[in-house]
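Written below as structure tokens is the structure these notes are about.
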Amino acid sequence: MVFAHRMDNSKPHLIIPTLLVPLQNRSCTETATPLPSQYLMELSEEHSWMSNQTDLHYVLKPGEVATASIFFGILWLFSIFGNSLVCLVIHRSRRTQSTTNYFVVSMACADLLISVASTPFVLLQFTTGRWTLGSATCKVVRYFQYLTPGVQIYVLLSICIDRFYTIVYPLSFKVSREKAKKMIAASWVFDAGFVTPVLFFYGSNWDSHCNYFLPSSWEGTAYTVIHFLVGFVIPSVLIILFYQKVIKYIWRIGTDGRTVRRTMNIVPRTKVKTIKMFLILNLLFLLSWLPFHVAQLWHPHEQDYKKSSLVFTAITWISFSSSASKPTLYSIYNANFRRGMKETFCMSSMKCYRSNAYTITTSSRMAKKNYVGISEIPSMAKTITKDSIYDSFDREAKEKKLAWPINSNPPNTFV
């Protein structure tokens, strides 16, 4: 190695190390003619850099943008309107206020959260082909995308535990409203802390990109595996085991262990219908969020930005369909929910039976707790004597109303 000296009048000598060159190439580097191979290498590097930049800024066709916007828009409207309606009906209707419905409201709030804080931004990134909202927004969007499914799966596990003890061991353990609130709060607090590392793994390294998947480093891989086990596999296995025991108990209720027909079952049919509804709900949820967890385990390299964007958008649409399908499932399997909607929007012929049917007395309060209804009795079906109480007080006996108790034990389930 030799050293070349550069003289300057205003500065001290600067010693620059240079490599030995062959004797036939002793000319100055500024005047030396580069080889053709060097030009080819520089051109290839420039081409690869430009191709990477074009992958990061793709342009979708108008048809692709319209299709994605329509599908996401329909699901978004169903999710916002349906889950808001679930919260409103359970809040206003007395017939739907129960312990199980606390869990239902918690899931509806989680669906509203992902509908507002995550899904619109994913659609915006897909349609524009870049991320323009900064690194902090990228972290928050991905955080809520991990938070909501974890909260919901643990709330579904809480519902499963509630159904198990209500049907199999009704006298040994009961999930009261206070216990339900504590279980819901524990689900939110635990998962909020569990998905905190997402804030460190995600972020916008440059202004126009927000990573879709966790990094392929050993830290990212380790967290992905732990999140898949704790946030999906273990709760799913527990849910399956609990519902398996519940189904066995429903079909095998004899003291001697013999199998009986469902018509001889001591379990009320309303609770059997509730189990069916929650089984379908759990199945839809697990199938909807399974592709999301599998894609995170796969750790695809985001070299082709358009391809990874298409994959992630499809996965987001599948998982988001679970949020939009829950209110539809409630309205199909839940007669009380349908009646609650009628009471909420005053669509019933008996507009607000609780406010117009009774005076404020002790007996009226007891009647409200026992779900008293009102029936119209036609005048042709009654025989009233001349000296009856109606004639004494000059009351017309054309349309008199009779109150009767519908159910002495109001249901404590969602159905």
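Glycine too: its Cβ is placed from the backbone N, Cα and C atoms.
Copied over from Swiss-Prot, here are the features:
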- 1-69: topological domain 'Extracellular' (TOPO_DOM)
- Asn25: N-linked glycosylation site (CARBOHYD)
- Asn52: N-linked glycosylation site (CARBOHYD)
- 70-90: transmembrane segment (TRANSMEM)
- 91-102: topological domain 'Cytoplasmic' (TOPO_DOM)
- 103-123: transmembrane segment (TRANSMEM)
- 124-143: topological domain 'Extracellular' (TOPO_DOM)
- Cys138-Cys210: disulfide bond (DISULFID)
- 144-161: transmembrane segment (TRANSMEM)
- 162-182: topological domain 'Cytoplasmic' (TOPO_DOM)
- 183-203: transmembrane segment (TRANSMEM)
- 204-221: topological domain 'Extracellular' (TOPO_DOM)
- 222-242: transmembrane segment (TRANSMEM)
- 243-277: topological domain 'Cytoplasmic' (TOPO_DOM)
- 278-298: transmembrane segment (TRANSMEM)
- 299-309: topological domain 'Extracellular' (TOPO_DOM)
- 310-325: transmembrane segment (TRANSMEM)
- 326-415: topological domain 'Cytoplasmic' (TOPO_DOM)
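Below 8 angstroms of C-beta separation, residues 100, 103, 106-107, 110-111, 113-114, 117-118, 122, 175, 180, 183-184, 186-188, 190-192, 194-195, 198, 227, 231-232, 235-236, 238-239, 242-243, 278, 281-282, 285, 289, 292, 316, 319 of the same chain, each at least six residues beyond the ends of the transmembrane segment (144-161), sit close to that stretch.
Using DSSP to sort the residues of the topological domain 'Extracellular' (124-143) gives these counts of helix, strand and coil: 15 helix, 0 strand, 5 coil.
When Cβ-Cβ distances under 8 Å to the transmembrane segment (310-325) are tallied for each of 70-90, 103-123, 222-242, the top count falls to 70-90. When pLDDT is averaged over the topological domain 'Cytoplasmic' (243-277), the result is 67. Nonlocal intrachain contacts for the transmembrane segment (222-242), taken as residues 6+ away from its ends with a CB within less than 8 angstroms of a stretch CB, comprise 146, 149-150, 153-154, 156-157, 160-161, 163-164, 191, 194-195, 197, 201, 214, 282, 286, 289-290, 293, 296-297, 299.
When Cβ atoms from all protein chains are considered, those within 10 Å of Cys210 (disulfide bond) total 23, not counting its own. Helix, strand and coil counts under DSSP for the topological domain 'Cytoplasmic' (162-182) come to 12 helix, 0 strand, 9 coil. The Cβ of Cys138 (disulfide bond) has 21 neighbouring Cβ atoms from other residues within 10 Å, across all protein chains displayed.
For the topological domain 'Cytoplasmic' (162-182), the list of distant contacts is 99-100, 102-103, 242-243, 245-246, 249-250, 267, 271, 274-275, 278, 412-413: same-chain residues at least six beyond its ends, Cβ to Cβ under 8 Å.
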